[in-house]
């Protein structure tokens, strides 16, 4: 009887060891969606119903651009600066719980982006070339 119990306990221990990393990966993926400090009220899906109440921060040389993402600064005179020292100030937008309004004509898929520079359309975390933004 002891022989039949021993393989079972080793099997369950082995399964636990194998499932633990899988569980940790699943939890990590779920947590990366939004941090507590910058999640909108009502969760990530409530973003569409929340109207931005303030203008996004100024950035770039002499403050001529606007923050359009965590490390993206764009303006008509400067184009888009991504991951540069001028765009570092845009990280501070994550500290605010209130969303900001990016100025510029709507563009992109389902008009979810804004024209932020000549020929450039940006959504929350990425920018692309768009002929509507000329």
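Note that Cβ sites are derived from N, Cα and C of the backbone, with glycine treated the same way.
For 34-39 (among others), the entry in Swiss-Prot reads disulfide bond, with the evidence type a curator's inference.
The disulfide bond annotation in Swiss-Prot covers 56-100 (among others). Same-chain residues at least 6 positions away in sequence with a Cβ under 8 Å from that of residue 56 (disulfide bond) are, in sequence order, 66, 67, 68, 93, 100, 101, 102, 103. Classification of residue 56 (disulfide bond) by DSSP places it in coil, neither helical nor stranded.
For 59-73 (among others), the entry in Swiss-Prot reads disulfide bond, with the evidence type similarity to another entry. Proximity of residue 73 (disulfide bond) to non-local residues of its own chain (separation of 6 or more, Cβ distance below 8 Å) is seen for 59, 60, 65, 66, 67, 80, 81, 82, 84, 86, 87, 89, 90, given in sequence order.
Annotation comment: Swiss-Prot describes 67-90 (among others) as disulfide bond.
For 74-80 (among others), the entry in Swiss-Prot reads disulfide bond. According to DSSP, residue 80 (disulfide bond) sits within a strand segment.
A strand conformation is recorded for residue 107 (disulfide bond) in the three-state DSSP classification. Sequence annotations record features per position, and here Swiss-Prot assigns disulfide bond to 107-121 (among others) based on similarity to another entry.
Around residue 133 (disulfide bond), a 10 Å sphere centred on its CB holds 20 further CB atoms from the protein chains shown. Summarising the annotation, Swiss-Prot assigns disulfide bond to 115-133 (among others).
For residue 122 (disulfide bond), the same-chain residues lying six or more positions away in sequence with a CB closer than 8 A to its CB are 68, 69, 72, 74, 80, 102, 113, 114, 116, 128. DSSP assigns residue 122 (disulfide bond) to a strand segment in the three-state reduction. The disulfide bond annotation in Swiss-Prot covers 122-127 (among others).
Annotation source Swiss-Prot lists signal peptide at 1-33, citing sequence analysis.
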Original post:
Fewest other CB within 10 angstroms, which one of the disulfide-bonded residues 74, 127?
Top reply: 127
